[in-house]
Amino acid sequence: MDYKETLNLPKTDFPMRANLQKREPELLEKWEQEQIYHQIQAKSAGRPKYILHDGPPYANGHIHLGTALNKILKDIIVKSKTMMGYDSPYIPGWDCHGLPIEHNVEVELTKAGKHLTKSEIRRYCRKYAEKFLDIQRQEFKRLGVFGDWEHPYITMDYAYEALTMREFGKFVETASVDKRLKAVRWCISCETALAEAEVEYETDMSPSVYVKFPFSSNPKDIAPELEGKTVFVIIWTTTPWTLPANLAIAFHPELPYVAVEVDNSVYIFAEGFLADLVKRFGWTTYRILTTFPGRQLEGFECRHPFIDRASKLILADYVTLEQGTGCVHTAPGHGQEDYETGLRYGLDIYAPVDNQGKFTNDVEYFAGMQVFQANKAIIDLMRKDGSLMASEKVEHQYPHCWRCKQPVIFRATAQWFIMMDRNDLRQKALESIRHHVRWIPEWGQDRIYSMIENRPDWCISRQRAWGVPIVAFYCNECNTLLLKKDVIDYVADKVAKGGADVWFDLPESELLPPGTTCEHCGGTTFTKETDILDVWFDSGVSHAAVCEPHPDLTWPVDLYLEGSDQHRGWFHSSLLEAIGTRGVAPYRAVLTHGYTVDGDGKKMSKSLGNTVAPQDVIKQYGAEILRLWVSHEDYRTDITISDQILQHIADAYRRIRNTCRYILGNLFDFDPEKDMVAYDELLEIDRWALHRLQNMIQRVRKAYDDFEFHLFFHTFHNFCVVDMSSFYLDILKDRMYTAKADSQERRSGQTAMYEILSAMVKLMAPILTFTAEECWGYLAKDGKSVHLQDFPSVNPAWVNTGLDERWSQLMDIRGEILKNLEIARKEKVIGHSLDALVELYASGKTYTLLKAFENRLDDICIVSAVHIFDEGAVLPADAVAAETTEKFYIRIGKAAGEKCPRCWHYRTTIGADAAYPDVCAQCAAALR
């Protein structure tokens, strides 16, 4: 007889090889046909809401690894909240306006030799955004992300554009908006103003110059020691190009300054820099004529070193002794502090630089020259006229545009601002940060608090075409500004029907309400504003455009989740917009993730050649491996990725899959409706396995609840590999294969395995979205999706800590036995563990424990026989002391009897049953 045919060997069509690249698209198509997202929403109706509001990715190009990380994290949260009993709809969104799209379109049009109007450029921008929106939508769906993909929110939708205008109108209504000349960060490459959030600091080499300004006032009025002297003030700057705009020199009122005579000249600078400047300028002999506080210099004048005009001496508290001379070159049109000081002293806000960063015609010597290129020419001129004291190159942090990566300048231009300290906007935002929002990780609170606390007024205007226009008009007779909420709302009504293009296409007379007149002069003709709103204002109103009016969403929402850079971006603008218009933050919690870095921890960049495209990972491994990678590390810090890491993730996935497949294979003849064994009738090891399952359920649910998905990964993987594969399922094999098919002991094991796999598949579904669905199809066999199930809850009746302690001790003992079996195998005492007889010599509690399991120890250790001896027995010379248990010895020998051809155990009972003379008594009983 071929006894193999009598064994209950595993049978399943669930494939060992995942073949994810082929299987995932099939499941995506199935979900599409079944409208899985809408099924989930229908099933969740009436449950408590949990709303994650999607921060809109930019509709420009294919998704990258960081975008994939972000979307997968959101999907894990939405799916896990749904399976924890919430109604958690997900409305994806796209950010469509802004400079990157406009720039790319302009490049394409320039190559084609086309020069178009703003309206024509906008139409091309819309088509461009639509193209990549559709591309990204398919790429996100390929990741297994569920959502209302057919009804996303899109910032270039007419209704969204109209609402953006109305939100701006709310700030206008509260007099929170100003238009004024101010020094702002300006990108000369993109030709537009930049907000604080749009600036990155990079290390640059810049020219550092020390320049002397000749004193033009009478120096004896500062100190009598200076009478008749030729006096200079020495300034220091790393932006020589701003010197043509110099109008003043600032001193700290309380710092001591010195007048140092060298040869026939006297130089004034802060006393704290004396040693440094003496060394720097190579002065071998010098004399300090006098010392005085900085306040004594206020009101005097110097002459500009190469332009015929005065430079006033003024006071400012921001002057420090960190670098330079303590005498600060001040150009009110080219710096934030310079601007504020200039206003205080009534200086002109002078910025002789155009949109492209070129000097205007009123700049002597350098007209038409690009500012950074002018640095050398300015230095050369000062060297020639003798005003340059010293120059060198220095490395320092310099602001760059985060889009084009080019250095930016400060430039005074007329811009629109939301005033941070009007209507207590800043204070209300800070209060909300501290007391009304949960920040995860906690350091996020301090980060955004500091940003809001120290930020300047919010510059919301941009000098571009592709965006939502600022609805303002200027009287053609007297140039008075017309800025009213009712006018904004009137234009917004038109935009809701025809889009923001109407602003660019229609004349002013058709945009204004009939009968509009200038309040100042009664004029009836107007010119419309040409600036558009900052795209951060665009995306910052999404809470109002999407969450507030949507019948399936709530306001405020439960969670915003983006990269940590969004503390200065979307989290920031959304908070200010909501506080400014509603007085409340738009979110209850904010969760941030880190950046993706390579295996060496380096930031990914095309120039380094270390980027990893999600499309390539999917092609090689499948989206499932990408999803598991997202969960394997604490994403709140930077997440590393490399071929080695992905291979490690693929190996972990394979172990999880094999665990599922093995259990499925052992349930081929199990019908839970008929074959389930009551808990009290289960074998003890099966009850232990269910206890371990409860422990895993509790930890995994908490990991999901705390957004700590790396704890899911380690808990779940450890359960599969350690508790299941290496222990429980290993022990179970003999019972599953050799016991009578419908015996109580086999059904006991199948009951436990069914409960374990059912729970496992549900718990892994938010992360292993595809595999859980595939496995559930073989387990449930009812055609319904695993994503329509809820997570299992901990069953208190199955929690048994006493049982767990007993089996924990047994696992330690088993580990000792297995080590000795391996030694015996290497020493040729046995070939296979089933060849072995294990003799155990124990005392006390260990002996009591072993005796309690005496009839199961051979199964537990996968040997043919185990004999237990107490401390009174004679200890054989070849017995080995256990490493972890005192007074416990192990001896491995050859098992007695013959090898049963069916179960492979060595038994002395072979032939005892005449009906089955070739097999042992246990197998004969199973065959009856």
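Here, residue 1 is simply the first one shown, and the rest follow in order.
Just so you know, glycine gets a Cβ as well, placed from its N, Cα and C.
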Per TrEMBL record, range annotated motif ''HIGH' region' [choices 13-23, 57-67, 288-298, 651-661]: 57-67
Listed range which TrEMBL flags as motif ''KMSKS' region', given the options 338-342, 523-527, 603-607, 748-752: 603-607
E562 (L-isoleucyl-5'-AMP binding site) and K606 (ATP binding site), Cα-Cα, nearest whole angstrom: 22
Cβ contacts under 8 Å made by the motif ''KMSKS' region' (603-607) with residues that lie 6+ beyond its boundaries: 65, 595-597
Same chain, 6+ residues apart, C-beta under 8 Å of the C-beta of E562 (L-isoleucyl-5'-AMP binding site), given in sequence order: G55, N70, G569, W570, F571, T592, H593
Summary of DSSP states over the motif ''HIGH' region' (57-67), given as helix, strand and coil counts: 3 helix, 1 strand, 7 coil
Within the motif ''KMSKS' region' (603-607), residues counted as helix, strand or coil by DSSP: 0 helix, 1 strand, 4 coil
CB contacts for K606 (ATP binding site) [other CB atoms within 10 A, all chains]: 7
